[in-house]
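**Q** I'd like to ask some things about the structure below.
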14 protein chains.
Amino acid sequence: MDNSTLIGMVSIITAGVTMAIGGMIPALGQGKSIAAALNSLAQQPDANQTITRTLFVGLAMLESVAIYCFVIAMILIFANPFWNHFIA
Amino acid sequence: MDNSTLIGMVSIITAGVTMAIGGMIPALGQGKSIAAALNSLAQQPDANQTITRTLFVGLAMLESVAIYCFVIAMILIFANPFWNHFIA
Amino acid sequence: MDNSTLIGMVSIITAGVTMAIGGMIPALGQGKSIAAALNSLAQQPDANQTITRTLFVGLAMLESVAIYCFVIAMILIFANPFWNHFIA
Amino acid sequence: MDNSTLIGMVSIITAGVTMAIGGMIPALGQGKSIAAALNSLAQQPDANQTITRTLFVGLAMLESVAIYCFVIAMILIFANPFWNHFIA
Amino acid sequence: MDNSTLIGMVSIITAGVTMAIGGMIPALGQGKSIAAALNSLAQQPDANQTITRTLFVGLAMLESVAIYCFVIAMILIFANPFWNHFIA
Amino acid sequence: MDNSTLIGMVSIITAGVTMAIGGMIPALGQGKSIAAALNSLAQQPDANQTITRTLFVGLAMLESVAIYCFVIAMILIFANPFWNHFIA
Amino acid sequence: MDNSTLIGMVSIITAGVTMAIGGMIPALGQGKSIAAALNSLAQQPDANQTITRTLFVGLAMLESVAIYCFVIAMILIFANPFWNHFIA
Amino acid sequence: MDNSTLIGMVSIITAGVTMAIGGMIPALGQGKSIAAALNSLAQQPDANQTITRTLFVGLAMLESVAIYCFVIAMILIFANPFWNHFIA
Amino acid sequence: MDNSTLIGMVSIITAGVTMAIGGMIPALGQGKSIAAALNSLAQQPDANQTITRTLFVGLAMLESVAIYCFVIAMILIFANPFWNHFIA
Amino acid sequence: MDNSTLIGMVSIITAGVTMAIGGMIPALGQGKSIAAALNSLAQQPDANQTITRTLFVGLAMLESVAIYCFVIAMILIFANPFWNHFIA
Amino acid sequence: MDNSTLIGMVSIITAGVTMAIGGMIPALGQGKSIAAALNSLAQQPDANQTITRTLFVGLAMLESVAIYCFVIAMILIFANPFWNHFIA
Amino acid sequence: MDNSTLIGMVSIITAGVTMAIGGMIPALGQGKSIAAALNSLAQQPDANQTITRTLFVGLAMLESVAIYCFVIAMILIFANPFWNHFIA
Amino acid sequence: MDNSTLIGMVSIITAGVTMAIGGMIPALGQGKSIAAALNSLAQQPDANQTITRTLFVGLAMLESVAIYCFVIAMILIFANPFWNHFIA
Amino acid sequence: MDNSTLIGMVSIITAGVTMAIGGMIPALGQGKSIAAALNSLAQQPDANQTITRTLFVGLAMLESVAIYCFVIAMILIFANPFWNHFIA
């Protein structure tokens, strides 16, 4: 096990785990928000403009957390400064 | 255990675990959303256009998180830069 | 423990675990959706066309996550690039 | 511990665990669906045709996830390509 | 620890654990279904034919998951191909 | 630690754990069913024939899962083929 | 650590753990049943004959699971075939 | 670490753990039963004879599970056949 | 690490853990019972004699489980037969 | 690591853990009791004598479990028979 | 790792963990009590004297458990008899 | 494993884990807030100005916690003082 | 790993963990209290003086537990008697 | 692994974990508070001044716990007395 292997292994694992765990709760939050939106639509069909707009802003906000994780996973796979140091 | 074996093992495990765990919560969110949609339909059958449209946008959004994980799993199996480095 | 044994072991474990864990939550989501559909039918028998259609779209969507996991398990058992590399 | 022993051990464990864990949640989902169906029947006895039909489609769908796991367990015990490679 | 001992140990553990864990959730599902059936009977005594029939179909379905696990446990104890290979 | 000791230890542990864990959830299911039956009796005393009959069928069904586990525990203690192989 | 010590240790631990864990859920189930019985008595004092009878049948049934565990614990301490084999 | 030390250590740990864990859930069940009894008394003060009697039978039943665990703990400390074998 | 040290260490740990864990759930049960008693008093101030009496019997019963654990902890610290054997 | 160090370490850890864990649930129970008392006061201000008295008896009872743990922690730090044996 | 280092390490860890864990549940209980007090005030503003007084007694009681833990942490850091023994 | 490899590995893991775990609960909180906002809109469409404004302030506040974690992850990857020390 | 390194490491970890864990539940309690206060304000706007005052006393009380943990973390980093002993 | 590497590693991990875990529950509390505020606004739009003010005081209070953790993480990365000792 030389140094670059170790860095490689750790990068792979961290990339996968960060994406998998970091995407879990935003997805849960989105599920909750969509469910709440659907209930609200059933209850107050006339407010459907405001509800849809608020829902989309909220989903975008939640997606942003998942995207932070995706960004870190991508950095670790394709632009990893530690890996670059060792294979240099 | 030489280096490429280690990288190979770690890639396999991470690919599987990322897909398995990363797909869990989007699926849970989708289940919740569908359940909420069905309840809303039962309560307000007339709003069924808006409800169906909102549901499908939501499902697509959630599917996207599962797909990020699938993409990472596929990259790790078929386009893994660390693996390519070691077998080169 | 030579290299191909290790890769083989890891592939077997990952295939099984990915299927087992990755299939759990879609199944839970499907259970929830079916339960919600049945409640909705009891509450609003006249909307049964819309309810059934929405339910089936939802189940298909959820099944897709379980199928991603099944695909990865199958790739790991029968078309595993790492295994092919080592037994070559 | 030679190679075939290791592959054998891992196959046995994975087969059992995949079946045990993979069968858990479909069973939970089925339990939920049946319970919901029974409540719906009590509430709306006249819709019993639609309810029974929807329930059976749902149960079949859920059973399919358990069967994927059973298939993988059976492949690992009786048609395992890694095991065949080592005892060849 | 020679090879057959290892295979034997692993078979025993897996058989027990598969049965114990794999039987848990079907039992939970059955408990839920029976409880729901009893509540439904109290609420709608006249539908008792349909309720009883639906309950029994459901219990049979759930029992099947427990039986898959029992089958795998039995195969591992009395018809284990890996064990047969090593004691041959 | 010779081979028969290992097989013996593993058999003892597995027998105990299978019984302990495998008996947990059927007992939980039975508790739920009995509680539901008692509530139903309080709500609809006149249906007490049907309720009692359904309860007893359900308890028997749940007991069967606990008994599968008991059977496996007994086989492991008194009719264990692996143990017989090693002390032969 | 000779063989009989190991078998002895494992028997002690398993006996204790089987009793402790295996007695947990029956006790929980009994607690639930008793609580349900008390609520039912408060709600329908006139059905107290049927309620008491159903409760006692249920408690006996649950006690039986705890007793299976007690039996196994006792067998492991006082009639353990593996221990007898080694001290013979 | 000679044999009798090991047996002694294991006996101490198992005795404590069996009592601690095995007494947990009966206590929880008793707490639930007493709470239910108090609610029932508040709701139906006239049924207080039947309620008190049912409560005491139930508490005795639950205490019995805790006592099985206490018995096993006492056997392990003061009448342990394995310990007697080794110090003989 | 000679034998008496080991026995001493194990006794200390077990004494503490038995008391800590074994006292948890009785305390939880007592908390539940007291809360239920206070609610019942608010709902039915006239039944306060019966309620108080039932509460005190119940608290005593629960305290008994905590006291079993305290007894075992005290035995392990001040009257431990294994310790006495080794320092003799 | 000589014997007295080991005994010292174990005593410190056990004292801290016993207090920390053993004090948790009594505190939870007290929190529940106080919350219930406050709700009861809001609902039935006239019963405030009985409520306050019952609450204080209950808190004292719960405090007693925390105090058993405190006693054991103090014994382990300042009057530990095993420690005294080794430094003698 | 000489003896005083070990004792020092263990004291630090135990002090921190005892405070962190031991303070958790009293804080939870306080949160619950305050929430209940606020709800009670909203429901019965006239009883605000009694409510405030009961709340403060309760908070003090709960704080006492957190303070026991703080005392033990302080003893372990600044007046630790085992540490004094080793640096003497 | 030389020093810079170790620091590199630890930095990668910590960066990923901090982002993944630290982003979970803010996302959950945002999901809850959006759901509550949608329910409030359905209930009181006229207050939609205040609700939207409060929601956005809240989401920004929660996002800030996720951003603290992102900042630390970025510092660990691109401006890590420990790494700079070792590669200097 | 000499002694001061070990003490240093342990102090860092304990400081961080004590703050992180010890701050969790007070924060949860504060969240609960604020939520309860907001609900109470919505329900009884006239009692807003008493509610605000009670809330602030409660928050201060809860903050105190978090501050105990912060104090211990600070002592471990900047005024650690064990560290001073070893670097002296 | 020399001393400064160890201190470095431990500081990195602790900084990340403290921030990630320590920020979780304040975020959860904030989510709860915002949700409660939104519900209160929907229920009592006229009290919106008091509600907004109370909400902001509460959020600030909760943010303070997250900031304690951020401070400790920053101290560990940029002003760590142990690290300074070792690189001096």
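In case you wondered, yes, glycine gets a Cβ from its N, Cα and C as well.
This is the feature table in TrEMBL:
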{"type": "DOMAIN", "residues": "G:13-76", "note": "domain 'V-ATPase proteolipid subunit C-like'"}
{"type": "SITE", "residues": "G:Glu63", "note": "site 'Reversibly protonated during proton transport'"}
{"type": "TRANSMEM", "residues": "G:6-28", "note": "transmembrane segment"}
{"type": "TRANSMEM", "residues": "G:55-79", "note": "transmembrane segment"}
**Q** Secondary structure at G:Glu63 (site 'Reversibly protonated during proton transport') (DSSP, helix/strand/coil)?
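**A** The residue in question, G:Glu63 (site 'Reversibly protonated during proton transport'), is helix (DSSP, three-state).
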**Q** State the residues, same chain only, that lie 6 or more residues beyond the ends of the transmembrane segment (G:55-79) and have a CB under 8 A from a CB inside it; answer 'none' if no residue qualifies.
**A** 11-12, 14-16, 18-19, 21-23, 25-27, 29-30, 33-34, 37
**Q** Residues sitting near the transmembrane segment (G:6-28): Cβ under 8 Å, six or more positions beyond its termini, same chain?
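**A** Residues packing against the transmembrane segment (G:6-28) from afar: 62-63, 65-66, 68-70, 72-74, 76-77, 80, 82-83, 86.
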**Q** With DSSP as the yardstick, break the domain 'V-ATPase proteolipid subunit C-like' (G:13-76) down into helix, strand and coil residue counts.
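**A** Computed counts for the domain 'V-ATPase proteolipid subunit C-like' (G:13-76) are 63 helix, 0 strand, 1 coil.
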**Q** If I restrict to non-local contacts, at least six residues apart, and a C-beta distance under 8 angstroms, what lies near G:Glu63 (site 'Reversibly protonated during proton transport') in its own chain?
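**A** In sequence order, the residues whose Cβ lies under 8 Å from that of G:Glu63 (site 'Reversibly protonated during proton transport') (at least 6 apart) are G:Pro26, G:Gln30.
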**Q** Limited to the domain 'V-ATPase proteolipid subunit C-like' (G:13-76), I'd like the whole-number average of pLDDT.
**A** 88
